[in-house]
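Take a look at the structure set out below.
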Ligand code: 6R9
């Protein structure tokens, strides 16, 4: 199925520069695909940009609307409104619509829990009828707690069906959810509930992760010690560990659900009503609450799911699995909101990829007969490291398509995925997008696009993605530039919650007239785009975004620390690891014990994903004369121990020599 030859060899960056292997859509796949030729893709892409009203009007009509829109798009840079005047409900499109169509008994969610007891995994199937009943009941629970249309509800839950139920119930009553990934700490919860003014939190006693209990309720309790905005906490029993229940504030999920009516019609929401807020890291210490509204987000995630994963509800075997956590945008868009309206069952897995053993994912694929599989490069690299024997134990012949998301995939990992998991017969879709874009922006279409390992290839319909200079002009073939989006697309962010200025400064000020993504890229002679990574102070650790400033402020919040500088460094599995340089306050001793304590402190302040891989003590960090930390020098130092290149803007040349002398990495 493949052609061309490899010229690759070394690390990710080098091999991306030279990649020449090409993988046209497998013939058997293309014939049954929604979009099955490059001509068809190009024509539709052109139409989508030239006449967005017609293109998106037709596509939006594939969803259910209580009231049709009067205009498709209103664009006043940087504000887009889509499907103006249209009324719809996200939960209705995910659930009720399938029930109305006589498909109530069809499986909507296949869930597998982490623990395996007596050799048996815990599995639950939820039909659209089940989801309608449960989301209606929980919607009534939310109402009984005083939640109204327009309120924000925080969800801090494990990957259990009740998380999907809670988010869809929010959509049902018209409240925006703010989901916090279960790996985040108590202070992260506190910051987010305060920023969102969220009066209700839905959590669980715990969640399972690699055989251990994550104490979710305890973290919520700790967070609520620090703030008093939250009035009600609903706790799901999942792990049966002891938790404290505070009278007047805390209630059990099952007790509230017991008495709840299963009748709750979906609220008719305006197309531009807020569907959710999702916090993501930026270049300052404070996370940004990215806002997504209902109509455009639903249409775009529905359509990208349909075409990029080539979903076929008429195929009774179709079973789609995205391994992300719902706490990230990938889980929002491509476990729930984009997939359910396609009436294709979506698999949700609670636990880790290597529990109880390194073959857990492949065991799940085999047992459930997964057809479409979407994961992250960091996971693929971990599987490569764990060894082929774990894969070979399982029959993966049900798989038809593979996807990746989160960071650039190095061609070696792409080839391994293609060969070991896809048996050289499954197309791979490498999808570039962001929390802010809501859905896929660059991606192959599996029945049309010739894939090239390491490139996310072409823009999706409606996406006008370009690689430009600072002045907005396009760079030439193979030249590096900045990745921008030049026209509005339906699922674009509508703002940062409560911070209009930051929205303008971050996305709309760097390159005039265009959305600036924060990534660098180049376009090759064939028109394929290669995303090379962040060009701002955001680092991508295992596909999860972290601001260097966020980690720095966690470090300086420790009483022993005077100053900290954090940089990303290459990491075999995580893609990017974290190196921290720390200056201690006078009188503090740079001991190993303190180093451990500081690393643990970052875990406590942000979450385990933010823990530095290296921590070095320094007498000072190098800065430019204008006071900017010289991250490039620190990166070089942390990576190679050497500092080359231009240091003429350094404030204190001495600092480098001292850092080198004190290398404790
Ligand atoms: C969906 C998601 C966004 C950042 C983005 C970029 C990186 C994501 C990528 C990719 C190269 C891909 N990124 N997918 N880089 N190729 N296929 O990950 O959202 O968490 O907001 O991160 O991730 O750097 O700017 P988010």
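For all residues, glycine too, the Cβ spot is worked out from N, Cα and C.
Remember, TrEMBL labels are computer predictions, not curated facts.
As the structure is a computational prediction, the values presented were derived from the model and not from experiment.
When the candidates 395, 464, 519 are compared with the ATP site entry in TrEMBL, which names 406, 407, 408, 430, 431, 432, 433, 434, 435, 534, 545, the shared residue is 519. Looking at the stretches 1-32, 33-64, the one that TrEMBL records under the feature region 'Disordered' is 1-32. TrEMBL names 209, 210, 211, 212, 330, 542 as CoA ligands; from the candidate set 241, 354, 478, the record adds 354 to that same site.
Less than 6 Å separates the Cβ from ligand 1 in the case of 330, 406, 431, drawn from the binding-site residues 209, 210, 330, 406, 431, 556 in sequence order. Within 8 Å of the centroid of the Cβ atoms of 556, 558, 561, where the record puts Mg(2+), the same chain has further Cβ atoms from 554, 555, 557, 559, 560, 562, 564, 582, 598, 601. Its own atom aside, the Cβ of residue 330 (CoA binding site) has 23 Cβ atoms within 10 angstroms in the protein chains shown. Other C-beta atoms found within 10 angstroms of the C-beta of residue 433 (ATP binding site) number 24, with every protein chain shown included. For the domain 'AMP-dependent synthetase/ligase' (101-496), the mean pLDDT of the prediction comes to 97.
It is 9 Å from the Cα atom of residue 433 (ATP binding site) to that of residue 330 (CoA binding site). Here CoA is bound by 209, 210, 211, 212, 330, 354, 542 per the record. The longest Cα to Cα distance in that group is 25 Å. Working note on the recorded positions 212, 558, 628: by count of other C-beta atoms within 10 Å of each C-beta, 558 ranks first.
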